[in-house]
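Colleague: Residues or ranges marked as domain 'ClpX-type ZB' in Swiss-Prot (evidence: sequence analysis): 1-54. Residues annotated as Zn(2+) binding site in Swiss-Prot, with sequence analysis given as evidence: Cys13, Cys16, Cys35, Cys38. Look at Swiss-Prot and you will find Pro117, Thr118, Gly119, Ser120, Gly121, Lys122, Thr123, Leu124 tagged as ATP binding site.
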Amino acid sequence: MFKFNEEKGQLKCSFCGKTQEQVRKLVAGPGVYICDECIELCNEIVEEELGTEEEVELKNVPKPHEIRATLNDYVIGQEKAKKSLSVAMYNHYKRINAGGRADDVELSKSNIVMIGPTGSGKTLLAQTMARILNVPFAIADATSLTEAGYVGEDVENILLKLIQAADYDVEKAEKGIIYIDEIDKIARKSENPSITRDVSGEGVQQALLKILEGTVASVPPQGGRKHPHQEFIQIDTTNILFIVGGAFDGIDQSIKRRLGKKVIGFGNDSENRNLTQKEILAAALPEDLQKFGLIPEFIGRLPVMATLEPLDEEALVQILTKPKNALVKQYKKMLQLDDVELDFTEDALVEIAKLAIERKTGARGLRSIIEETMLDIMFEIPSREDIAKVIITAETLTGKRGPTLELKDGTIEHGKEKETA
């Protein structure tokens with residue numbers, strides 16, 4: 001109930017008791033009044049409480065063992081990479097909590113470079129890490145970036161994607177994760193500095209240096225090129241975790257040559273020749289990235305190196321079935337919504353893995369293979385209420401025969417043999 005000064009006939013603030021003459025403004029509510037001073041005080045209390053909640057949330061950074069355990073739920077294999085990423089992520093957010101310093105020691109950022117073939121899980125690892133901490137996440141493609149003043153995207157547009165992922169909450173975006181894919185495509189054409197302008201190679205690496213290390217960047221709110229008369233969003237990149245990744249095709253040869261030099265003169269270098277692709281990539285060093293075409297200053301901003309091995313047939317079969325969001329589980333759930341059961345035989349799963357290896361697409365190509373196989377049956381199922389179960393076999397994958405159907409009356413329709421041209 002609002003207060004009324006009987007002597008002067010003036011309204012009072014229901015919270016602090018000040019009259020309308022003692023404050024700048026009184027806001028009326030149903031039976032109450034509140035002054036501008038009390039409104040300001042309430043705002044401060046709310047902001048302080050929200051700030052405390054956010055601080056508590058960031059301080060509950062999971063330990064490396066916990067991070068790796070969650071990564072295991074979504075990513076098959078790549079144990080060494082998962083361990084490296086878990087430690088880097090833990091150290092990065094521990095550094096944020098310490099304000100970038102521990103006593104008189106300044107703590108450097110733990111930006112990450114991931115080396116691995118297409119479809120080995122680089123993007124999935126980065127996405128899962130962001131999901132673990134519930135921080136904004138953005139993916140950018142390095143091939144679309146060019147130096148300022150040339151046709152293409154400015155590096156600041158990467159930051160805009162992160163700001164958009166944080167619903168334009170800049171403070172939240174400043175603690176997010178950015179994954180830059182295809183980073184190997186901006187390697188300069190040779191190890192020696194070029195006299196001519198390389199607008200999508202060394203020039204982009206130079207442009208990325210500042211935001212990787214930490215700077216206050218000016219980002220155009222609508223993207224595109226900067227114009228002198230537009231307003232900019234200011235974002236501090238000091239606490240943004242940058243992860244870059246690429247296939248780095250051919251880097252294994254550079255590593256082999258380096259390893260080969262160590263055994264020259266000792267008689268037998270057969271050990272070097274017999275190294276597996278996994279062992280070769282695991283031996284990668286910053287100097288190999290420099291030989292590939294990344295400039296030393298750029299490599300220096302990426303202190304954590306994680307190598308991912310090519311996925312073999314067994315790993316691809318596990319990827320199809322084991323993770324929480326495995327593709328086979330997704331398609332089973334999709335058909336379940338039409339009251340139809342879906343089953344992939346063991347040989348069908350192996351065939352899917354073989355096709356992905358043949359196409360050199362790794363895990364990335366698994367979905368398109370299943371989609372091609374399932375297209376006809378997913379087209380038919382909504383119109384056929386008699387189907388109870390669909391069985392996909394290896395012959396279905398190779399295109400020799402259609403899927404086997406179990407009908408609700410108990411009869412079985414074997415997939416028709418397809419004619420070969």
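Quick reminder: no glycine exception, Cβ is built from N, Cα and C everywhere.
So that I understand the layout, could you describe where these features sit and how close they are to other parts?
Modeller: Other Cβ atoms within 10 Å of the Cβ of Cys16 (Zn(2+) binding site), summed over all protein chains shown, number 13.
Its own atom aside, the Cβ of Leu124 (ATP binding site) has 20 Cβ atoms within 10 angstroms in the protein chains shown.
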Colleague: Counting other Cβ atoms within 10 Å of each residue's Cβ, which of the binding-site residues Pro117, Gly119 comes out lowest?
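Modeller: If we count Cβ atoms within 10 Å for the binding-site residues Pro117, Gly119, the smallest count is at Pro117.
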Colleague: Could you give the Cα-Cα distance between Ser120 (ATP binding site) and Cys38 (Zn(2+) binding site), in whole Å?
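Modeller: Per the Cα atoms, Ser120 (ATP binding site) and Cys38 (Zn(2+) binding site) stand 57 Å apart.
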Colleague: Nearest by CA distance to Thr123 (ATP binding site): which of the binding-site residues is it, out of Cys13, Cys16, Cys35, Cys38?
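Modeller: Its closest listed neighbour, by Cα, is Cys38.
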Colleague: Write out, in the order they occur in the sequence, the residues of the chain not among Pro117, Thr118, Gly119, Ser120, Gly121, Lys122, Thr123, Leu124 that have a C-beta within 8 Å of the mean position of the C-beta atoms of the recorded ATP site.
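Modeller: Near the ATP site, the remaining chain residues are Gly116, Gly245, Leu308, Gly362, Ala363, Arg364.
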Colleague: Of all the binding-site residues given, namely Pro117, Gly119, Gly121, which is spatially nearest to Cys35 (Zn(2+) binding site) at the Cα level?
Modeller: Gly121
